[in-house]
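These come from Swiss-Prot:
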BINDING   Gly108, Ala109, His110, Gly111, Lys112, Thr113, Ser114  ATP binding site
Amino acid sequence: MTVYHFVGIKGTGMSSLAQILHDMKHTVQGSDYEKRFFTQTALEKRGISILPFDKNNIKEGQVIIAGNAFPDTHEEIVAAKELNIPVHRYHHFLGDLMNQYTSVAVTGAHGKTSTTGLLAHVMQGAHPTSYLIGDGTGHGVENSKYFVFEACEYRRHFLSYYPDYAIMTNIDFDHPDYFADINDVFNAFQEMALQVKKGIIACGDDEELQKVQAKVPVIFYGFGEDNDFQARNIQKRTDGTIFDVFVRNTYYDTFKITGYGDHSVLNALAVIALCHYENVDVEAVKHQLTTFEGVKRRFNEKPMGEQVIIDDYAHHPTEINATIEAARQKHPEREVVAVFQPHTFSRTEKFLDEFAESLSKADQVYLCDIFGSARENKGELTIEDLQKRIDGAELITDTTTDVLKKHKNGVLIFMGAGDIQKFEAAYVKEVQVAEK
């Protein structure tokens, strides 16, 4: 019996892949740091073993899949090589796996996870679909027709993939610790485009994506009239969004989605265009769009007393703009309060003014200390450099969250890609203790 062992199984992509293989009746286990991570819940529900890192975890006959964050000097990877066991890097293994299906890669600087989740949900309503989402969610179906997966541009990892289709949501400068500038990012996407085998669904409102060249048809979607798929007559409501879709200037149908903000309309348009291209029944698409409940850490909302708490992964100025816009659409009468934890010193330094501008669209801003990545845990920059650029911004720690109580009718948006959930949990606990 082959055992698939994941080195770093709690990583979001790794966790998703482990779930897929388990669902396909393979034996799966993995190792990681003992600190609890949100991806553990889905692994534990499936009974997948999570071990502490130990070279003795590695045994002959296993298939070793290693997360991209772990170097070749990691004790388990060294142990595998000593036993002459091949070590498959996550993105290479995924690239081989998807070749068994009609594969759809979802990529872009922003909106990847939400669009992947939405596409997987919609496709499942019509055909057996396996999927891998960057929020740590994965699902495998043995007789799948489609394989939908999130493909990340960071360090050009998506160049390991040769998908049938690619949805490209946008090109924007991010990951300044790796990419030199917007041209470097564009070149990565251009290279990816040349690896797609059947067709590309790209946002035509994005100036960078308009320049992409490909060997396959490129279908553009967006709000502009030049797009192949265009959203018109948009009704932004507190219970979602309704819009008409025109295909090459001819009315196609009217759709309702559960999401808020322009970015949610664009994500849905991408899914509608892909499904149209694959002849998925439009009634199935319409129904599935109305039943989508979202993905983890993307505008996840819960009421707490008179307040509303939103948990969101937004960690780039463009994403912060979108999240605040969505909150204002759904809760037009409420005060919008942003609680933001910058993620990585390099990103914070590069986009300092842009962060200040986007956060200033909230009514009140609270800033947590900068969360350094594993590759860079210190920098000369401090959170005060961002604070002084935002009028009225206050600093907050996980022991001073009680200050948020004064926003009695507020929408509290906890945003960040680090451990911002620690601050949210501290505040929830603070409120619960006060209520006793």
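Backbone N, Cα and C define each Cβ position, glycine as well.
Within 10 Å of the C-beta of His110 (ATP binding site) we count 22 further C-beta atoms, all protein chains included. Sequence-ordered, the extra residues of this chain that approach the ATP site, with Cβ no more than 8 Å from the Cβ center of Gly108, Ala109, His110, Gly111, Lys112, Thr113, Ser114, are Val106, Thr115, Thr169, Asn170, Asn267. Non-local contacts of Gly108 (ATP binding site) by the CB criterion (under 8 A, 6+ apart in sequence, same chain) comprise Thr115, Glu153, Ile167, Met168, Thr169, Asn170, Ile171, Cys203. Its Cβ taken as reference, Ser114 (ATP binding site) is surrounded by 27 other Cβ atoms within 10 Å in the chains shown. Following the DSSP three-state reduction, the secondary structure of Thr113 (ATP binding site) is helix. The Cβ neighbour count for Lys112 (ATP binding site), using a 10 Å radius over every protein chain in view, is 25. In the three-state DSSP classification, Gly108 (ATP binding site) falls within coil. The Cβ of Thr113 (ATP binding site) has Ile133, Gly134, Asp135, Glu150, Val295, Arg298, Tyr313 as same-chain neighbours under 8 Å, each 6 or more residues away in sequence.
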